[in-house]
Amino acid sequence: WIMGHMVNAIEQVDEFLDLGANAIEFDVDFDDDGVAKYTHHGIPCDCGRLCTKYAVFTEYLDYVRQVTTPGDPKFRKELVLLALDLKLQRISSEKAYAAGVDVATKLLDHYWMRGWNGGRAYILLNIPLVEDYEFIRAFKDTLRKEGHEQYNAKVGINFTGNEDLDEIREVLEKLGEDEHIWQADGITSCFPRGTERLKKALEKRDTPGYKYIPKVYAWTLVRSSIMRRSLRLGVDGVMSNYPDSVVKVLKEKEFSDKFRLATYADNPWEKFTPI
């Protein structure tokens, strides 16, 4: 999975897909009551990027629905995963539940269309800190109350704050979640980051019987040397400001027979087992 990073304006969606991304990450900004208003990162953000691009959240969902709906004139078959970077750290953790209700409702109304020809992409809920776990409970509660639990099959969870992996597992256990989990490891592209925690996450992923990390990705990679380092370790995904650079690295002899781009036929919740 090549995740285009910080794809917050509607016109950027096709731009990043044209560069080779098959997944996009966008920032969801909330008001003080936990209502998702905009896809917007704000200042500061990654080096070399414009931090202020944005769209109205519901309009953005309407657009990516078209891009991920077969038969729609805007359909792009390569876009298979949407990662919502939920900016919950900007609001009180008491509002995390309200935020979960709001995001689930907006996805039902604007993306899934409550079963009426909605978008098909998988959804990854990127939650900054384990203290905001009530968001997940609220999201699942809302799908159940609205009679649309079938969409749970399309939704995954990812804690992105580089917290202790065992603490994350404990929170997932508390929530009763042991499926559809990704684990991110990384830092803004402005700073270097070692591989200690990334290696630990990959080790857990590869431990037989360990359910809490089937997929691991590294972010935000801009240098080809760091992309190669992550691929050598065996990550499932790379988030980058430059998807075309990732595509180039994947074509190199060292990687071309080990990796391929994920398609809609690949289940993002299953641990990859080499043949």
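Backbone N, Cα and C define each Cβ position, glycine as well.
Remember, it's a predicted structure, so these values are computed and weren't measured experimentally.
Annotated active site per Swiss-Prot: His5, in sequence order. Cβ neighbours of His5 (active site) (same chain, under 8 Å, six or more residues apart in sequence): Glu25, Asp46, Trp219, Thr220, Met239, Ser240, Asn241.
Marked as Mg(2+) binding site by Swiss-Prot on the basis of similarity to another entry: Glu25, Asp27, Asp85. Packing around Asp85 (Mg(2+) binding site) is summarised by its Cβ count: 25 other Cβ atoms lie within 10 angstroms of its Cβ, all protein chains included. Asp85 (Mg(2+) binding site) carries a strand DSSP state (E or B).
Sequence-distant neighbours of His41 (active site, nucleophile) (same chain, 6+ residues apart, CB-CB distance under 8 A): Met6, Asn8, Asp27, Asp29, Cys51, Lys53. The active site, nucleophile annotation in Swiss-Prot covers His41.
Under the three-state DSSP scheme, Cys45 (disulfide bond) falls in the coil class. Here Cys45 (disulfide bond) comes close to Met6, Cys51, Thr188: these same-chain residues lie at least six apart in sequence, with C-beta atoms under 8 angstroms from its C-beta. Swiss-Prot lists Cys45-Cys51 (among others) with the feature disulfide bond, giving similarity to another entry as the kind of evidence.
Positions annotated as disulfide bond by Swiss-Prot, on the basis of similarity to another entry: Cys47-Cys190 (among others). Long-range Cβ contacts of Cys47 (disulfide bond) within its own chain (separation 6+, distance under 8 Å): Thr188, Ser189, Cys190.
What surrounds the Mg(2+) site, by Cβ distance within 8 Å of the Cβ centroid and not counting Glu25, Asp27, Asp85, is the set His5, Met6, Val7, Asn8, Phe26, Val28, Thr39, His41, Ala83, Leu84, Leu86, Lys87, Asn126 from the same chain.
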